[in-house]
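Report on the following structure.
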Amino acid sequence: MFELQPSSIVVLVFCVLAIKVCISLIGKTTIQDRIWYLYTIGASKAGHSKFVALAQKREELVRVNKERRAISAQDEYAKWTKLNRQFDKLNSEVNDLAEATSSEKAQISKLVNLAIAATTTAPIWFSRIWYRKVVLFYLPPKVFPYYIEWVLALPFIVTGGVGLTVWMFALNSVLSSLEFLIKFYLEEPVKKPEAPAASEAQTKQ
């Protein structure tokens, strides 16, 4: 039932590990927050009272905030103060409604974690067990010394072949390096430290 060609196993494992790296780059918390946001929208459209009220309050909060930012506190102080009080009140109501739905948010987060595990961790462990003796491909004769071929065949493959264990190790190494480079590129550059002022330098002397 679960028998696959070696080429299909190679592609399957690559896709699963690539998804795992993408999830790591995005972050589980970010994914949970986005799915929760979509869930609240869907629940409000479905008529869930708490989420309907939460969606309405959020829309009103955004509207009041735009109005508040559009006027000057100095020129229209009375109107700005009124909007500011209204904003604070709405913000408090939104927080209260969000807390009222916290139990449902926890359930959604749990389901997201289960979905991530089912998408990444479960297929990897299943493949390690089910396809542990499958030779994914064979090395050309005498490309490596015998002891290297023997190591690459560990722990279940005949010498000269490459199995899932070594293939996954190689893929993880490449994808981890790629993940590091992407994170490094996306991080904000560190500013060059400023040279100490002349007075500070003299003081130290």
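We count from 1, first residue shown onward.
Placement of Cβ uses the backbone N, Cα and C atoms for every residue, glycine included.
If one looks beyond the topological domain 'Lumenal' (1-9) by at least 6 residues along the same chain, the residues whose Cβ comes under 8 Å of a Cβ in the stretch are 127, 130-131, 134-137, 164. Residues or ranges marked as topological domain 'Lumenal' in Swiss-Prot (evidence: sequence analysis): 1-9 (among others).
As annotated by Swiss-Prot, transmembrane segment applies to 10-29 (among others). Within its own chain, the transmembrane segment (10-29) has Cβ neighbours under 8 Å at 4, 112-113, 116, 119-120, 123-124, 127, 136-137, 164, 167-168, 171-172, 175-176, 178-179, 182-183, counting only residues six or more beyond its boundaries.
Annotation comment: Swiss-Prot describes 30-116 (among others) as topological domain 'Cytoplasmic'.
The feature coiled coil is assigned by Swiss-Prot to 53-103, with sequence analysis given as support.
For 117-137 (among others), the entry in Swiss-Prot reads transmembrane segment, with the evidence type sequence analysis.
The annotation topological domain 'Lumenal' is assigned in Swiss-Prot to 138-161 (among others). Proximity of distant same-chain residues to the topological domain 'Lumenal' (138-161), defined by a Cβ-Cβ separation under 8 Å and at least 6 residues beyond the stretch ends, is recorded for 132.
The transmembrane segment annotation in Swiss-Prot covers 162-178 (among others).
Here Swiss-Prot flags 179-205 (among others) as topological domain 'Cytoplasmic', drawing on sequence analysis.
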Open item on the list: Going by DSSP assignments with H, G and I as helix and E and B as strand, what are the residue counts for the topological domain 'Cytoplasmic' (30-116)?
Closed with: 77 helix, 0 strand, 10 coil
